[in-house]
Amino acid sequence: MNTIHSRVKSRRTESSLGAEREHFDKQQLSSISKAINSTETPVKEKHARRIILGTHREKGAYTFWSYALGFPLASNSILSWKFCHVLHKVLRDGHRNVLQDCMRHHSSLVEIGKLWGNLHDKYGQLVFLYSKLLCTKLEFHVKRPTIPPNLEVTDEVLERTAGTDINNVFQLTVEVFDYLDTELRLAETVIRQLNTSIAISTLTSGQCRLSPLIQVIQDCSHLYHYTVKLLFKLHACLPADTLQGHRERFHDQFHSLKTFFNKARDMMYFKRLIQIPKLPDVRAQREGERRHYFSADMMLCLLFIFIHLFLFLFLQEIDIFDQAFGPANGGFDDRDLQIESLKRDLELLRADLERVKAEAQRYITQLKSQINSLEAELEEQRAQKQHALVENEQLRMELEATQWDHTVISLVCAERAQATEQRYNKLKEKHTELVASHAELLRKSADTVKMLSATQQTQEEVERTKHQLSFEIDRIKQEADMKLEEQKFEMEKLKRELEEKMAEVMRIKATLSMTALQAEKERLMRSVSEKEAELSSLRQTAQVQQSSLQQERERSSRELGDLQGKLQEKVSQDSSLKQKLLEEQFALLQGTITEAENIIQDAVAKLDDPLHVRCTSSPDYLVSRAEATLGSIDKVKKGHADYLSNMGDAGGLLRALTQFSHLAADTIVNGSATAHMAPVDHADRLTENCRGCATQSLQYLKDLKSKTTLQRADPASVRIIVQKILHLGQELRPKGMDIRQDELGDLVDKEMAATSAAIEEAVRRIDEMMNQARKDTSGIKLEVNERILFSCTDLMKAIRMLIIASTDLQKEIVESGRGAATIKEFYAKNSRWTEGLISAAKAVGWGATEMVESADKVVLHTGKYEELIVCSHEIAASTAQLVAASKVKADRNSKKLSVLQQASRHVNEMAANVVGSTRTGQEHLEEKDTMDFSGMSLIKLRKEEMESQV
């Protein structure tokens, strides 16, 4: 029970959504027709807004173009002008797919512009310029898809679109110049045609011309900003002489744009609709932009100098520290800690580096030269280090020589100890200076970071800079590792040699008994103790830093785990959303199939409906419905294949099923209606095939509705049964179709003459019935009969006038359309139209004859009044068919067409008079005759009443 309620609720929801969608489509079509018309008034904002909302609803401009292509744009310049205005609005504010939909009609816009450009019409010239502007807009944004049609992009997107290739920047600048030229040319032409006084700008005729300039002002403000940015970018990379033409063109456009903005600002119309920007003076504009770009370049240059200088000094500090004290914990942990610290500093700078300007490439060459000079200084330091190693080697050799002379060894040891002490003091001072320099560089880094907050840089240049810095860090790290390994080896060697020397000195000092040597020994011991204490302090500092590094690594590991967990959660959510989408699409498919089944079941139910028995249809219409159904079957098959290949999008299959269900139901209903007028054999076969079409269609829809049979669902059986209905409809076409085409012209004249003769005969018979009625009846009955016969006579006269007007109009159509051909050739060429005339003429003649027979029966009291009313309706329908057949090829401005339409209205009035006279007469007779129920049973009375109603 809950499932049934949910299905009913779902069906109601779908029906309400369908009704809402249909209501919105009607509103959109109404807005298009109201916005684009030939009245010289501005487009109302509410109509344009509904059109734009419609593009977002259907994700494109299909509905807009399908309706707009029906406008007579080539015959009305105001209509074309307002069409261009609405299209401009749709391009700027519509859905992003509007650009591609409009590009398909690019050739149509070009043709409209050429047409009105060759005519001497004020609005025509404006349409020519507007269509050229729209074509330029379409071509520009299709070529540059990163810039939307509303031109609202950030400077970063503009930089990314321009790229680093100077040729691309040059070409983009030329395209923006051309774009701005078309905008300004349209604005200048509009203002030149109008007087800028308040009176003109407040009239609807003036506002009709001025209203599109709102979009032009919006476009021009963005295009002017782009030209300024691109020109400064070109001047930063190319010499001034090369860009002389660009500067002159920009100067002309700037003055034109400033003049346009000033004139528009003075108009009352624009003051309440848009804020018009104010352009600066040329000199102030250039100075302001030059200062902005200069400051950005200087900041960028300072940033790169700071980074390379910081790396160089850091490596120097590591070399000097290792030379003085040796590497702490093997030299690896301290150096790793410093590298990690540097990476953290670089991570802090990453956010600021994202806004650095693309002009950084220009300074790389200068920075490389500075790096080369720094590397030269580093090479000089390496040479000094090598010199120190040579001195140490000399010291070792001298110590070996002192083994033979104890006195000399003591003096040399004293001198070496003093030299070592001095060297240690110098290294300590150098270390202090480096620490101060490092602090100063950190302060400069903070200042540089603040300066970088005002700069901008595209993501592409940031990534390249980041990769360059990462590469430099890796290279420096590798060099540092190699240097540390070399220094470690050298320090180990020196350490061993120093230990050997110290042992030798201790042995020498043990053999010496002099007081000076003992004092020197004590002083050296104190120095060694102090150095060991300092070394111990440095080791403790290194351990603290290593502990901090370990904590940082653990924190990074935890953060990485959290990020991986979030990533897994995101992947799971995406998977569930994808599955939900597939289920929703299949649910939509099932709902559509259910609705299609209801439509077909409703159609097949009409086959057994008694009220449907009187419905008829022509074989020609049945054939057209069957052919359309066959076409829809192909679309369903294609939509089915597309859905199987991508089950996340069932839109094509849903649309195809909706069309198929309606066309199949239409074929079934019209097949049954055609069977009512067909011979028995054909009628039985046609009805049976209609039932078979419904059965096969429902079976196919059932296969589509289930996931187990969705893959193998095939509409081949439906196609076969529809083809049978098509063949039966072709067999049932009137045999008059077999008449040779060269005989059609004669047959038209014959049928029209026969119809006229039938009308004359009907009038004659009605006169005879009138005379007879006057002889046989009197009183109320005579009055009723006269009134009915008079109305029938008036109707026949009206039909005769209609036949005459139709004949005159046909002659006019033949004379105006046959050209050098004969009348028979014209009728043969338009055989379908000719056959329609023949059929309509036959129907009119038959209706007149039947009406006379019904009137005769009514007067003689052997017929029913309702039969006469039905004949009146049949005659009105037949004459309407004749008018429609004659009107197909007639000129709308034809006077004879107007005469024919007036005659048709007169026929309808006379037919209504017949119906009215008949019903009035029936009522009078019923009031006069008192019904006698004495000899009539209740059942018989009820039977008479039902027969009267039938």
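A Cβ is built for glycine as well, from the same backbone N, Cα and C atoms used for every other residue.
A TrEMBL annotation is a machine prediction, not a hand-curated record.
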With the ranges 1-26, 443-468 to choose from, which does TrEMBL describe as region 'Disordered'?
1-26
Is the compositional bias 'Basic and acidic residues' (551-567) packed against any residues at least 6 beyond its ends, judged by a Cβ distance under 8 Å, and which are they?
340
Can you check how the pLDDT averages out over the domain 'ENTH' (20-148)?
89
In the compositional bias 'Basic and acidic residues' (551-567), how many residues does DSSP assign to helix, to strand and to coil?
17 helix, 0 strand, 0 coil
